[in-house]
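**Q** These came from Swiss-Prot, pasted as-is:
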SIGNAL    1-21  signal peptide
DISULFID  C36-C199  disulfide bond
CARBOHYD  N54  N-linked glycosylation site
BINDING   69-70, 89-90, R97, 113-116, V287, E481, 488-493  FAD binding site
BINDING   R116, Y398, G488, W489  substrate binding site
CARBOHYD  N134  N-linked glycosylation site
CARBOHYD  N220  N-linked glycosylation site
REGION    506-567  region 'Disordered'
COMPBIAS  553-567  compositional bias 'Polar residues'
CARBOHYD  N559  N-linked glycosylation site
Amino acid sequence: MAPLALHLLVLVPILLSLVASQDWKAERSQDPFEKCMQDPDYEQLLKVVTWGLNRTLKPQRVIVVGAGVAGLVAAKVLSDAGHKVTILEADNRIGGRIFTYRDQNTGWIGELGAMRMPSSHRILHKLCQGLGLNLTKFTQYDKNTWTEVHEVKLRNYVVEKVPEKLGYALRPQEKGHSPEDIYQMALNQALKDLKALGCRKAMKKFERHTLLEYLLGEGNLSRPAVQLLGDVMSEDGFFYLSFAEALRAHSCLSDRLQYSRIVGGWDLLPRALLSSLSGLVLLNAPVVAMTQGPHDVHVQIETSPPARNLKVLKADVVLLTASGPAVKRITFSPPLPRHMQEALRRLHYVPATKVFLSFRRPFWREEHIEGGHSNTDRPSRMIFYPPPREGALLLASYTWSDAAAAFAGLSREEALRLALDDVAALHGPVVRQLWDGTGVVKRWAEDQHSQGGFVVQPPALWQTEKDDWTVPYGRIYFAGEHTAYPHGWVETAVKSALRAAIKINSRKGPASDTASPEGHASDMEGQGHVHGVASSPSHDLAKEEGSHPPVQGQLSLQNTTHTRTSH
């Protein structure tokens with residue numbers, strides 16, 4: 001490759017990071033809610049992801065539970081600071097809800113999990129830049145895509161100008177305004193509340209109402225206008241959930257925002273993080289129990305069948321980044337305090353389902369569609385189109401919350417056929433001949449490790465103090481998208497990981513802990529990049545110094561590509 005081309009490749013992530021920063025500044029200046037939503041420690045976290053933590057003088061043995069992006073980021077910054085880190089992952093792969101499907105025949109990719117990052121997520125952009133990942137534009141909106149409701153089909157550039165043509169009996173003051181503008185009309189009262197009450201009190205008020213209550217009540221929208229928002233903007237997924245959560249989500253998810261994606265697939269992010277680690281990453285290693293003592297934490301993991309033996313690892317500190325349902329399956333001794341148990345039970349995960357269909361050619365290009373999404377009131381709800389020159393693997397359906405119920409319980413074949421029917425209804429029967437008969441379905445509510453797509457809280461039924469997951473329980477710390485705002489985004493998981501890492505790095509641990517012969521710090525020093533879980537029932541990680549343990553399903557960067565799933 002020519003030197004000039006190499007220089008350009010190096011500059012791509014830097015330039016995109018600068019563009020994202022400028023886009024964020026422009027969007028922030030226009031969004032009156034941005035200041036209220038902004039994390040007070042955001043700039044500090046940005047510095048940590050850029051420069052790392054201060055080098056520790058007292059390395060600690062840290063066990064990170066979960067190899068999703070939160071666990072991997074925390075492991076990286078703690079390892080870089082000099083701590084001895086081991087990651088335990090119950091699944092047979094890394095990445096968590098970052099899950100890239102790769103078609104073995106065509107090379108086309110589809111994102112079963114995370115697929116975009118808004119320009120306001122500067123921490124995530126900086127992380128990708130630091131790992132050498134190339135970013136490019138994610139097309140959220142294309143004016144030539146379609147909206148079909150009540151058997152009326154219009155191009156989205158028409159819907160933006162005259163949404164009443166879809167058949168909604170809008171009030172005179174609602175007609176001629178885009179769905180986004182109608183939503184902003186409803187937020188006028190919320191803006192007044194922000195100015196009168198301040199962010200803290202206003203958000204507490206918003207947490208007590210559903211989005212539907214607010215839009216019809218204080219928002220003073222007509223029922224047809226609210227139905228329009230539900231059909232066209234998928235706001236119906238929030239209708240019975242907290243208005244505060246809807247506000248947070250809308251600050252990151254709008255067709256008017258700018259988004260980026262990772263060139264080559266989002267799974268390159270966890271792979272890049274993995275390659276930067278020096279400690280153990282154990283797969284197929286579900287944590288079943290934790291016992292805190294005065295000097296360390298004993299972590300029990302279950303080995304793979306048929307033995308199902310328990311093994312014990314010791315650490316000075318544990319960071320729990322697993323999903324809420326996974327954490328609830330762990331036995332804690334002493335038990336988690338009541339307020340933490342209640343906080344875990346309060347976590348409300350909504351289902352999320354994606355259905356991809358593979359076609360022989362990108363037929364949507366003939367309709368001048370080069371990305372973005374179409375909307376339908378049929379079961380598939382949202383259809384996302386891949387960018388030009390990236391194949392014909394179509395995200396034929398993306399549903400979440402109550403809308404995902406349409407695909408629950410269906411067989412893989414039934415789910416594919418249902419999505420195909422909806423695509424054919426929108427684009428014509430010719431798509432049936434163009435479908436190559438293959439596809440992939442991912443239902444996150446049925447994933448045994450996440451048991452849900454992401455967290456969105458319902459209204460608070462009574463006044464409670466906000467759950468503060470940044471406060472550790474003894475030697476146990478918490479991170480993950482469920483522990484911070486806004487829920488459901490990769491950057492949120494990263495922010496939570498950085499906060500936990502800062503606290504762990506500043507913790508004053510006894511020097512003797514780091515050299516304990518009963519711990520596993522010595523194993524980590526001797527083994528370097530060993531990935532897998534011990535398969536021998538009698539193998540004791542704490543006693544194997546300077547040698548590689550037997551591994552089961554050894555992980556490498558080459559075998560993390562994903563085959564078709566039947567979920």
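A Cβ is built for glycine as well, from the same backbone N, Cα and C atoms used for every other residue.
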**Q** Between C36, A114, V287, which of the recorded positions has its C-beta surrounded by the fewest other C-beta atoms within 10 Å?
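**A** Across C36, A114, V287, these recorded positions, the one with fewest Cβ atoms within 10 Å is C36.
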**Q** Out of the recorded positions N54, V69, V287, G488, give me the one sitting nearest to C36 (disulfide bond) by CA distance.
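**A** So, spelling it out, the nearest of the recorded positions is G488.
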**Q** Using DSSP, would you call C36 (disulfide bond) helix, strand or coil?
**A** helix
**Q** Taking only C-alpha atoms and a 10 A limit, tell me which of N54, V69, N134, C199, V287, T492 are near R116 (substrate binding site). These are the recorded positions.
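**A** The recorded positions close to R116 (substrate binding site) (Cα within 10 Å) - there are none.
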**Q** For a quick check of packing: other C-beta atoms within 10 Å of the C-beta of T492 (FAD binding site), how many?
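**A** Result for T492 (FAD binding site): 28 neighbouring Cβ atoms inside 10 Å.
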**Q** So which other residues, same chain and not among R116, Y398, G488, W489, have a Cβ within 8 Å of the centroid of the Cβ atoms at the substrate site?
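**A** Going along the sequence, the neighbours come out as A114, M115, C252, L253, F454.
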**Q** What residues, ordered by sequence, lie under 8 A Cβ-to-Cβ from A90 (FAD binding site) and sit at least six positions away in the same chain?
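**A** Residues satisfying the criterion: G66, N284, A285, P286, V287, A322, A326, H449.
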**Q** Are there any residues at least 6 positions away along the chain from N54 (N-linked glycosylation site) with a Cβ closer than 8 Å to its Cβ? List them or say none.
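**A** The list for N54 (N-linked glycosylation site) reads A81, N505, given in order along the sequence.
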**Q** Please report how many Å separate the Cα atom of N134 (N-linked glycosylation site) from that of V69 (FAD binding site), as a whole number.
**A** 18
**Q** So, in DSSP terms, is V69 (FAD binding site) helix, strand, or coil?
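**A** V69 (FAD binding site) sits in a helix per DSSP.
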